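A.B. asks: Feature list, courtesy of TrEMBL:
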| type | residues | note |
| --- | --- | --- |
| TRANSMEM | 20-41 | transmembrane segment |
| DOMAIN | 132-373 | domain 'AB hydrolase-1' |
| ACT_SITE | Ser212 | active site, charge relay system |
| ACT_SITE | Asp338 | active site, charge relay system |
| ACT_SITE | His367 | active site, charge relay system |
Amino acid sequence: QVLTREISLYLESQVRVGFLGSGVGLSLVLGFGVAYACYYLNSIAKKPQLVASNDRFCRFLEEYCPVVTETYYPTIWCWEGRVQTLLRPFITSRPQVQYRNELIKTADGGQISLDWFDNNDSSYYPDASTRPTVLLLPGLTGTSKESYILHMIHQSETLGYRCVVFNNRGIAGEELLTPRTYCAANTEDLEAVIHHVHSLHPSAPFMAAGVSMGGMLLLNYLGKTGRDTPLKAAAIFSAGWNVFESVESLEKPLNWLLFNYYLTTCLQSSISRHRQMLEKLFDMDLVMKARTVREFDKQFTSVMFGYRSIDDYYEDASPCRKLKSVGIPVLCLNSVDDVFSPAHAIPVETAKQNANVALVLTSCGGHIGFLEGVWPRKCTYMDRVFKQFVQAVFEHGNKIFSM
């Protein structure tokens, strides 16, 4: 009874003092904090894995793009891949960018919308004819208004470069003139855009950066053209290397709930306003019933581009199959916790066989996430990789172009 009374008096005193004000409460909080910090520093914050067979390319990156060799510290309260993927669009700021729009015609009678950031106030490159140009390719349903594109342009602006955003057909507000949109495998529109931009500024150094599906499209173009391209180099972010593996990952129950269904509705929304044009060739009612990206591609994308089956389309759209043919320096950033591009599908061994390719693999970052800092409103790790690499290419590229 005496022992029980002493315990009771002790507990009452702790309640009066307050949990956090007690020695026990403070010890628990500090203990948890120390344990979490140790776990974060030992298991979360890591240097990325740099995969490159060319020692010269590696030394170039270490000297002029050192961010790829530094420890990446993901935001301490949202380092998990899915969380980073979901939060980035809401957390990151949206820099103000004033575009100049241009519509160009295609050989089949269609049109492509380009959004230019000319950077005419550039003090580093006042001569527009020689001002370095970066072509930016957004993701699956993305446009020039995406926050990650705006941040790339902001980074380019500080360096004095010009940017042009390639909006895929029919998603940037322009009308479809023919019943055709876009896909990750068909590079005809990209080839037309690259030729057009280069013809306008033939003396300007020229490179490209692609994000997600934009990166896949760019890789497929580079695999097709080899060295026969006006691009000096390219940067690829969060590309899906093997489409079969990507859709399988996205069809897992939690990933379907968080990402797949939403992406499918975005794809359907992007074509719904062009329904009158597309109904000439497609059963749009069937297309609008799709509940996964795979179903949408089976009923719409693969049919539009003449593939015998969805498997034929996915095989052709997978950049891992063309990586060995890339003929210019390419830096590819992926996170191994990206559900859109599973770690086991990243073509590490193939990359080692091409001296033009360097992979940068982070342990965290999700899909186009790469948040860092306590409150990651502004610059992400991806933004820093982009800025350092394009600056390295434009200002020191002669050291790798002769590889």
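We number each residue from 1, going along the chain as drawn.
Cβ coordinates come from backbone N, Cα and C, glycine included.
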A.B. asks: Taking the domain 'AB hydrolase-1' (132-373) alone, what is its mean pLDDT?
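C.D. replies: Averaging the confidence scores along the domain 'AB hydrolase-1' (132-373) gives 97.
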A.B. asks: Do me a favour and check the Cα-Cα span between Asp338 (active site, charge relay system) and His367 (active site, charge relay system); whole Å is fine.
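C.D. replies: That comes out at 5 Å between the alpha carbons.
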A.B. asks: Specify the count of other C-beta atoms within 10 Å of the C-beta of His367 (active site, charge relay system).
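C.D. replies: Counting Cβ neighbours of His367 (active site, charge relay system) within 10 Å gives 25.
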A.B. asks: What are the sequence-distant neighbours of Ser212 (active site, charge relay system), meaning same chain, six or more residues apart, C-beta distance under 8 angstroms?
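C.D. replies: For Ser212 (active site, charge relay system), the qualifying residues are Pro138, Gly139, Leu140, Gly142, Phe237, Ser238, Ala239, Gly240, Phe340, His367, Ile368.
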A.B. asks: Could you tally the C-beta atoms, other than its own, that fall within 10 angstroms of the C-beta of Asp338 (active site, charge relay system)?
C.D. replies: 29
